[in-house]
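Participant: Sharing a structure with you now.
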Amino acid sequence: MAASELYTKFARVWIPDPEEVWKSAELLKDYKPGDKVLLLHLEDGRDLEYRLDPKTKELPHLRNPDILVGENDLTALSYLHEPAVLHNLRVRFIDSKLIYTYCGIVLVAINPYEQLPIYGEDIINAYSGQNMGDMDPHIFAVAEEAYKQMARDERNQSIIVSGESGAGKTVSAKYAMRYFATVSGSASEANVEEKVLASNPIMESIGNAKTTRNDNSSRFGKYIEIGFDKRHRIIGANMRTYLLEKSRVVFQAEEERNYHIFYQLCASAKLPEFKMLRLGDANNFHYTKQGGSPVIEGVDDAKEMAQTRQACTLLGISESYQMGIFRILAGILHLGNVGFMSRDSDSCTIPPKHEPLSIFCDLMAVDFEEMCHWLCHRKLATAAETYIKPISKLQATNARDALAKHIYAKLFNWIVDHVNQVLHSAVKQHSFIGVLDIYGFETFEINSFEQFCINYANEKLQQQFNMHVFKLEQEEYMKEQIPWTLIDFYDNQPCINLIESKLGILDLLDEECKMPKGTDDTWAQKLYNTHLNKCALFEKPRLSNKAFIIQHFADKVEYQCEGFLEKNKDTVFEEQIKVLKSSKFKMLPELFQDDEKAISPSSATSSGRTLLTRTPAKPTKGRPGQAAKEHKKTVGHQFRNSLHLLMETLNATTPHYVRCIKPNDFKFPFTFDEKRAVQQLRACGVLETIRISAAGFPSRWTYQEFFSRYRVLMKQKDVLSERKQTCKNVLEKLIEDKDKYQFGKTKIFFRAGQVAYLEKLRADKLRAACIRIQKTIRGWLLRKKFLRMRKAAITVQRYVRGHQARCYAKFLRRTKAATIIQKYWRMYVIRQRYKIWRTATIVLQSYLRGYLARNRYRKILREHKAVIIQKWVRGWLARTYYKRSMHAIIYLQCCFRRMMAKRELKKLKIEARSVERYKKLHIGMENKIMQLQRKVDEQNKDYKCLMEKLTNLEGIYNSETEKLRSDLERLQLSEEEAKIATGRVLSLQEEIAKLRKDLEQTQCEKKSIEECADRYKQETEQLVSNLKEENTLLKQEKEALNHLIVEQAKEMTETMEKKLIEETKQLELDLNDERLRYQNLLNEFSRLEERYDDLKEEMTLMVNVPKPGHRRTDSTHSSNESEYTFSSEIAETEDIPSRTEEPSEKKVPLDMSLFLKLQKRVTELEQEKQVMQDELDRKEEQVLRSKAKEEERPQIRGAELEYESLKRQELESENKKLKNELNELRKALSEKSAPEVTAPGAPAYRVLMEQLTSVSEELDVRKEEVLILRSQLVSQKEAIQPKDDKNTMTDSTILLEDVQKMKDKGEIAQAYIGLKETNRLLESQLQSQKRSHENEAEALRGEIQSLKEENNRQQQLLAQNLQLPPEARIEASLQHEITRLTNENLDLMEQLEKQDKTVRKLKKQLKVFAKKIGELEVGQMENISPGQIIDEPIRPVNIPRKEKDFQGMLEYKKEDEQKLVKNLILELKPRGVAVNLIPGLPAYILFMCVRHADYLNDDQKVRSLLTSTINSIKKVLKKRGDDFETVSFWLSNTCRFLHCLKQYSGEEGFMKHNTSRQNEHCLTNFDLAEYRQVLSDLAIQIYQQLVRVLENILQPMIVSGMLEHETIQGVSGVKPTGLRKRTSSIADEGTYTLDSILRQLNSFHSVMCQHGMDPELIKQVVKQMFYIVGAVTLNNLLLRKDMCSWSKGMQIRYNVSQLEEWLRDKNLMNSGAKETLEPLIQAAQLLQVKKKTDDDAEAICSMCNALTTAQIVKVLNLYTPVNEFEERVSVSFIRTIQMRLRDRKDSPQLLMDAKHIFPVTFPFNPSSLALETIQIPASLGLGFISRV
């Protein structure tokens, strides 16, 4: 098809325009070959005759179809030319607010002059790992492509960022580096990526400044190489800089500023550390006030200074060096204020004690006089001698400025070198990515040496860019085997030769600089003579002899020759530099050590930019003459060399191009100036890329995409099985000219305009189909309307006739109802009158009978109380008399016994003096011992007698209670009979009186009623009429009030419900936030723990030979143990060898102090135990004495019991801590102490070990005592509550009827008081017997104590006898024998005390056991009904052999623990366990082992097993943490283990779900609440790891299955794509579909169900999975313009419905998973709803409540029609949406956090499985454990 055939009526074209560059117009008639004029209609409504060029006869450019406007890639446009590119960029920038666009391999970035939320961490994560064509254009996509190619191709990459000043180059480069730092991370712990990013603030502060075009303009070029290791992690970086604009230090144009660092210093001048710099406001310094704009709007220089200092610190620049830098910068500012006074025309001077100069000299530490002298003089050197010559004021000012520029350039170079040293890595660099941030093409009114160098660099870069584009096109054609035709493109090699070849501009400039009298004029003449009329690219201006013009690739530029030579030399006075080198300020001479610049003694003039290259970290050694040569290099020569080096680096890498465009010169946000944009597009090479692409085959389609798009143009017979042949056949019919397309191996290549032609054919075909569909639909709608109207008319007739019939029937019913109502009303009146009379009679009778009964009751009550008072008084008198008598008798006994004891004492003293007495005493002692033994036996007999008496008393008490009950029953019967008799008499009397009164009243009433009857009728009629009227009014008011009340009630209930819902939601959010914060901390902790383990492994691998005496093992001991204060022997044995040994002199005192503390603590515990024992005895007495008071104060008693239980728990915890400390002390003594002190034979060692063993034994004793106390407390609590409850229940059931009958008389209270008094008497008798027993025991103890004292006296006598002669030795032996017997006596006494204690304990335990047995017997008897016992026939029963009764425990040996953990955890295969065995079997086995250790009361075994279990699970998850089955299996078992610990913990909240058998299996000795918390944390970590695993599995499927794959084929049309090909939406073999996602979800669900995971936990996992699916899908939708269309919304809604169907099939609709898809559902609805009117906007605002404002606006901006029948969303509609949503308070974040993990909870899920029924399969290899 010829191109002219496309110029038909209504075709749209572009015509040139001086204001808008290009204007759109529409043809009013078809174009015919030969026409010279085109009739056009402009968009503003005007008609225009457009004349064609008679020479070229070129037609205007055609406009692309609307569906192609706004494309991500400019090469996807059907017509590739300048107006199409400009319009596409404008539409994306203005309408869609999109600043990035692809143009082939170039990313075009337009500066928005506004902060956009598209650079956050979420955006980086979204672009990470994505193909470049799959996402919308972004700087992150280019960075990801470079990073991916570096990793895939093992080739270095470079990103070239160019553009005008103010176009956003620096920001783009900064974001690219930030992306690398975020995605790759660093290879070491030195945070290299942070240092790379920290270099940006430093370089911006010293190298950026405000210009008229940009507030943060980079005044130098830089190339940063970011180094990576083999694992593609950042290891370092290196920076090269180019052409620093030194002239800005001393001069700024209007509305411009100096470098930022100067203003930051002035803003921070008030800081204490900066006072020595003597700075002030920026307007006080000459070098910072020339531009007249010292402040940038929205920038705080003081805060920027703080960030700069922070970055310096991060990069390792010490505070001293930072202050040194600031001193030099402050010195430059003060140097600029130095003023000169002219003495004459050739000399000048500085005023004495000139303050700015003196401050400069103080800061630089140089001599004031010397610096003052050389600022006003210079040295001239000749062959014979040197002269010192004064200089003029102008020359001195220029020399001062040159010195300031030189110092700043040296400081800049020093900082760059230091940054490079810090970023340099010792690890070998494997690859790098370079980021080139360099100035773009510049042309001003006056262009000088700086612009010449900049444009020269851009020529080189443009040449490299053209060659790369040409190479890519050639590779694409060769790959697809397309015939290659040479494409003509602009080659700028001639321009480069003009600049850098031999006798080029730079050569002539260097040559002129070497001439003694060379000037700018002579150099210009040489240029004219050499190149004028010989080179087409070189021209001379007509009106100037000091300028030249070069035709660059972008435009012609006129350069002024003035200043070229001086800027190329870049010289400064040598004497001034020598003064600075002699400075005492150490940092200043460092700046000039490697000075390679030419220092001329003859002149000092200003210079502009100068090249700064990277200085190596170590100075290179060379020949002596080498430095002299280097000094002769000019700025141009250095720049050319560094540029060649840069080009070599770029050519050795794969380049990626970013072209930054400045949309306007006024920094207005989102304002597009077409003229400025076109100028920059031409200059940056974008249009050249377009031209190269358009010269060949710019449009490229795969065969499948072409078939999907243009299937509507094919007939059914044209569709073949092979797609390639089908496309060939169709194209041969549609396009006759075969040169317009080519068939490649995988793609079809089209010439420019052919895709637009095919789109036109497709649109025509669809338009015809739409017309036919509309015709059919409209006819069907009208027919449906007629049928509805006919049906409605019939319905109306039917309802009218029915209404008439119902009205007649209603009249008949009302007539009959009135008659019935009259009948019943009359009956009702008579019945009501009768009821009133009967009620009055009954009331009178009841009052009279009550009065008589109350009088009788009061009389009986008074008599009863008098009897009680007499009884108590007589008892009190008898007791008082008894007590006085007992007291007198006891006193007489004491006196008599004292007298007898004194007599006996005298006899003993007399007998003790003789030897024979000793023998008698010996015999007496034996007799005494025998007597004591006899006395013990008698006490035991007495105790038995007391117990028999107690039982007899209990029997008597029971018999008396039975008698009392029988008496009560008899009294009750007699009372009832009396009541009945009196009641009958009274009722008869009352009835007679009432009947008499009624007779009189009826006679009177009869007369009055007859008289009032007539009157009443008349009044009644009138009242009825009035009442009816009032009734109607009241009814109306009532209805109105009821309506109001209902409305108010509704409003109140609604408001209350809303408030309640809001408060509930807020509380839930707070709780979830708290859970999320805690679980995030756990996640971070586990990550750090894994990192620690990895570092540990790396260290073990790095250390080849271990040190002698040390054994380094990898410990996976959980650090949670330190948090929850538990440890294990395994972990301790692993940790101890790695500890560093310290001298024993430091450790021994510490251990001894610890030992003393332990001893002190043991004594304190013993005292507390004694106090608790006393408290327990006292409580027992209180229980016996105050049973009545307990009913009134149960809460107080409960509080006391809780306090005692708390004390018991404290004692247990203290015992545990002491035991741990003793173990640590023992290990410290045995392992850490010095061998000479702690050797096994050493005395100190023996003493300490003996003391430690004694302390440990004492602790065990204390622990047993605590357990006894615990059992006693439990028994006491049961005795208080259940016993009382039982007694009261039994009494209440027996005496329930008695209470009901006797409550009026109070007899039950008297009976209760009598029983209570009897109990008190019995209790008092028991207490008196107990006291007598204790008194006797105390007397025995007193006698024993006296015997002890006697023995002590005898020992003293024996010691005295030893000094006697040998004959007296016999008496000494006797004395020893006496001592032995005394000791035996004491031992017997101690045994007696212990027996007393054990008797008391056994007595209490027997009470508890007897009570439990009684309860069990009663319960069994209650369960067996009498009918079952009698009626059941006796059958022969087969008695089976009784099997062993297992207790649900597993026993294993301590040494088999590692084998148990290995077989059950480390080497267990989850798949076999899940298929063949019961779910959670490992958890049950582990818990049964824990139960057995608890049963044995083995603390260490429990701790060791639990710690080994936790560590082993962590090892398994670390080793196989990427396997979903493994993670799911151990999550399920960890939760089951946690539930078992809760279920069998013994806590009431968990025990209520158990059976009685399960409650018997509860843990008895240990409280494992701390381990439950650790297991809960472990479960949280496993859950988070499970989420990460399933996220890694689902992530590659989501975008392809939910967005790209066409589930409903044919709905989504494939649009043309550009060079960046997207992932195909057609399902190939390797692509994922929605079915793939559903299959994966089924796999996840089945695995979790097989593992027996809790249903609630499965719901949480499913909710998390659906959140990931929804978040990833929505994020990609928000970042992909091609996905935002109506058809794609339909596809998404269908996919979501399939996911909801999956939830229904799995019964998971209540899991909250559907709610997580709500944002995605609303986004799909937003794509499908109408988007035109204000009503549509209101509907969208109310519908999209789950989307943020930013997301709604983004979707509307990205909405792209796939077909011509769809319309774009207007800008005004989007603004309407923004106005309506401006008050909505939501997050400004664009993307959802796909990494967000909902806080997980583990609801308690008890198991019904009985532990004793669990069998251990042989496949687990656990034969070494046995069931118990």
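Positions of Cβ are set from backbone N, Cα and C atoms, glycine also.
For reference, TrEMBL lists these features for the protein:
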DOMAIN    8-60  domain 'Myosin N-terminal SH3-like'
DOMAIN    69-763  domain 'Myosin motor'
BINDING   GLY163, GLU164, SER165, GLY166, ALA167, GLY168, LYS169, THR170  ATP binding site
REGION    598-634  region 'Disordered'
COMPBIAS  600-613  compositional bias 'Polar residues'
REGION    643-665  region 'Actin-binding'
COILED    915-1105  coiled coil
REGION    1106-1147  region 'Disordered'
COMPBIAS  1116-1130  compositional bias 'Polar residues'
COMPBIAS  1136-1147  compositional bias 'Basic and acidic residues'
COILED    1155-1231  coiled coil
COILED    1323-1412  coiled coil
DOMAIN    1507-1783  domain 'Dilute'
Participant: Cβ distance under 8 Å to GLU164 (ATP binding site), same chain, sequence separation 6 or more: which residues?
Facilitator: ARG213, GLY440, PHE441, GLU442, CYS660, LYS662, GLN680
Participant: Have a look at the binding-site residues (GLY163, GLY166, GLY168) and report the one with the fewest Cβ neighbours inside 10 Å.
Facilitator: GLY166
Participant: Over the span of the domain 'Myosin N-terminal SH3-like' (8-60), count residues by DSSP class, listing helix, strand and coil in order.
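Facilitator: Once the DSSP states are binned, the domain 'Myosin N-terminal SH3-like' (8-60) shows 0 helix, 24 strand, 29 coil.
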Participant: Average pLDDT across the domain 'Dilute' (1507-1783)?
Facilitator: 86
Participant: Looking only at the region 'Actin-binding' (643-665), what are its DSSP counts of helix, strand and coil residues?
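Facilitator: Output for the region 'Actin-binding' (643-665) reads 9 helix, 8 strand, 6 coil.
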Participant: Could you tell me which of these binding-site residues, SER165, THR170, has the fewest other Cβ atoms within 10 Å of its Cβ?
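Facilitator: Lowest Cβ count within 10 Å among the binding-site residues (SER165, THR170) is SER165.
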Participant: Far apart in sequence but close in space: which same-chain residues, 6 or more away, have a Cβ under 8 Å from LYS169 (ATP binding site)?
Facilitator: VAL161, SER162, GLY163, SER218, ASP437, ILE438, TYR439, GLY440, CYS660
Participant: In the same chain, outside GLY163, GLU164, SER165, GLY166, ALA167, GLY168, LYS169, THR170, whose C-beta lies within 8 angstroms of the Cβ mean position for the ATP site?
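Facilitator: Filtered neighbour residues, in order: ASN111, ARG213, ASN214, SER217, SER218, GLY440, CYS660, LYS662.
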Participant: Once near-sequence residues are set aside, which residues in the chain of ALA167 (ATP binding site), 6 or more away, have Cβ atoms under 8 Å from its Cβ?
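Facilitator: Expected: ALA109, ASN111, ASN214, GLY440, CYS660, ILE661, LYS662, GLN680.
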